[in-house]
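Student: If you look up TrEMBL, you'll see 16-39, 51-69, 89-111, 123-145, 188-216, 228-252, 264-283 marked as transmembrane segment. The domain 'G-protein coupled receptors family 1 profile' feature in TrEMBL is assigned to 32-281.
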C-alpha cells in the first residue's frame, strides 16, 4: 500500500544543510521560470513563435522540480519518507510526462532557431504561431502517451519483498530493481522506446545546431559571430546535459543500475537544468530583459 523513499541522507546535520541548499535552488528556479512566463504573457511584443516555445519550456521547468523536490524537502526536514502506492504511481507518471514533453520541445526549439538563423527571410512563412501551437500541443500529447505506457508497464509488476525505493522520488530504475516479477520484457520495451525517441530527438536537435553553427561561421562581423557562438554554445550545453542525463537514466539495463549515480544524474536534469534554462535561454536575451523591466 506504500513505499519508503530512502532519500539523500539520515545524518541530522547533513539533512538540514541539504534542505537549505535544495530549498534555495528550488525557489530560485521557480522565481526565474515564473518571471519568464509573466514577462512573455504580458508583453505583446513577445507573442511570437520563439517566445511561445520558451514559455512552454518555462512551464515544464516549473513542473519538473515541483514533482520531486517538495517530497525530498519534506523527507529532509520532517523525516517523512513514506509515499502511498497511488502517490508513487502519480509522481512517476507526472515526471515521465514532463521529461518526455521537454525532450520533444527541445527539438522544436532547435528547429525554430535553425529557421530563424539560416532562413531569416522565410521565417514568418515557415514558422507561424499557429503551427508552433499545434506542434507544442503535439509534444504534450506525445509526452502524455509515452508516460502512460511506461507507468502502466511499471505498475503492473508485483512488489512483494522490500518496499524501500533507493531514490528520493519514484522512478523507473529503482522500481524495476524492487520488483519481484520478471522484468525482462518490460525492460526491453522501455529500452527500445526510450532509446529510439531519445536518440532521434537528440540527433534532430544536434543537426539543427550544426546548421546554425555553419551559418554563424559565414557571418562577416566578428562581434556577431562571437555573440551567436556564445548563445548557441550555451543552448547546446544545456541540451546535451538534459539529453545525456535522461538517456543515461532510462536507456540502460537494470543490471547497470547504481543508486548513488542515479541520484546525482537525476539532480542534473531534474533540478539543475530547470535552474539554468531561464538564465541561458531567456535572461540573456535583450527583448526578454526589456520585457522584465517593464513588468517590474
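For all residues, glycine too, the Cβ spot is worked out from N, Cα and C.
Set these features in their place in the structure for me.
Tutor: With a cut-off of 8 Å between Cβ atoms, the residues of this chain six or more beyond the transmembrane segment (16-39) that come close are 8-9, 46, 54-55, 58-59, 61-62, 65-66, 69-70, 72-73, 76-77, 271-272, 274-275, 277-279, 282-283, 288, 291-292, 295.
Taking Cβ pairs closer than 8 Å, the transmembrane segment (51-69) reaches residues 22, 26, 29-30, 33-34, 36-37, 40-41, 91, 94-95, 98-99, 101-102, 105-106, 108-109, 112, 129, 132-133, 136, 139, 168-169, 266, 270-271, 273-274, 277-278, 281-282, 287-288 in its own chain, all 6 or more past its ends.
Cβ atoms under 8 Å from those of the transmembrane segment (123-145) belong to residues 47-49, 52-53, 56, 96-105, 108, 112, 115-116 of the same chain, restricted to positions at least 6 beyond its ends.
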Student: By Cβ distance under 8 Å, which residues at least 6 away from the ends of the transmembrane segment (228-252) in the same chain are close to it?
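Tutor: Beyond its ends, the transmembrane segment (228-252) has Cβ neighbours at 99, 102-103, 106, 110, 113, 117, 171-173, 190-191, 194-195, 198-199, 201-202, 205, 209, 212-213, 216, 219, 262, 265-266, 268-269, 272-273, 276-277, 280-281, 284.
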Student: Taking every residue in the domain 'G-protein coupled receptors family 1 profile' (32-281), what is their average pLDDT?
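Tutor: Per the prediction, mean pLDDT sits at 85 for the domain 'G-protein coupled receptors family 1 profile' (32-281).
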Student: Could you tell me what the rest of the chain brings near the transmembrane segment (264-283), counting residues at least six beyond its ends with Cβ under 8 Å?
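Tutor: For the transmembrane segment (264-283), the nonlocal Cβ contacts are 22, 25-26, 28-29, 32-33, 35-36, 54, 57-58, 60-62, 64-65, 68-69, 95, 99, 109, 167, 169, 171, 234-235, 237-238, 241-242, 245-246, 248-249, 289, 292.
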